[in-house]
Amino acid sequence: MEKLTDLNYTSSVITLMNSTLHTILEDPGMAYFPYIASVLTVLFTLHKASIPTMKIALKTSKCSYKVVKYCIVTIFNTLLKLAGYKEQITTKDEIEKQMDRVVKEMRRQLEMIDKLTTREIEQVELLKRIHDKLMIRAVDEIDMTKEINQKNVRTLEEWENGKNPYEPKEVTAAM
């Protein structure tokens, strides 16, 4: 029985559209006919597609408000696309999802900045320690005996009899 009433309803809508189109065609100055026909076709298609969909959705879903809201937003977005607009209507849920995504990305970037800042602070501290070590030792205080391997070399006061054993001695040879 429902199919029969849907068929009667559809035929009455088609009859209404045809009569509307005939009255538009009778006017000789009507230059916007293709646009009006396109709009009427879209409206009829949306009407025929959305009514059964909404009926099924309302019967099967527990949360009818969200379904109705989603259907209406989808219909308006379709109409906006057909009109040539690039903007779309978004629901609160979509806005909240986008906000959550933005907040998550901001947190990730803040953590990265924190890690980089910590690393930079550690590098600055390391450079400061290196600089302090270089600046504390004066040139006079550096023990070069370790560098040239002369730890066991004696000074002039430490030599026996005060003579340097490494100085060449005068040698006289017989001729």
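The backbone N, Cα and C atoms fix where each Cβ goes, glycine too.
Annotated Ca(2+) binding site per Swiss-Prot: Glu120, Gln123, in sequence order, evidence recorded as sequence analysis. Annotated N-linked glycosylation site per Swiss-Prot: Asn8, Asn18, in sequence order. Marked as region 'Hydrophobic' by Swiss-Prot: 7-21, 67-85. According to Swiss-Prot, the topological domain 'Lumenal' annotation covers 1-28, on the basis of experimental evidence. Swiss-Prot lists 52-175 with the feature topological domain 'Cytoplasmic', giving experimental evidence as the kind of evidence. The annotation transmembrane segment is assigned in Swiss-Prot to 29-51 on the grounds of sequence analysis.
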Cα separation, Gln123 (Ca(2+) binding site) to Asn18 (N-linked glycosylation site) (Å, whole number): 80
Number of other Cβ atoms within 10 Å of the Cβ of Gln123 (Ca(2+) binding site) across all protein chains: 10
Local confidence of the region 'Hydrophobic' (67-85) - pLDDT mean: 79
Asn18 (N-linked glycosylation site): tally of other CB atoms within 10 A of its CB: 10
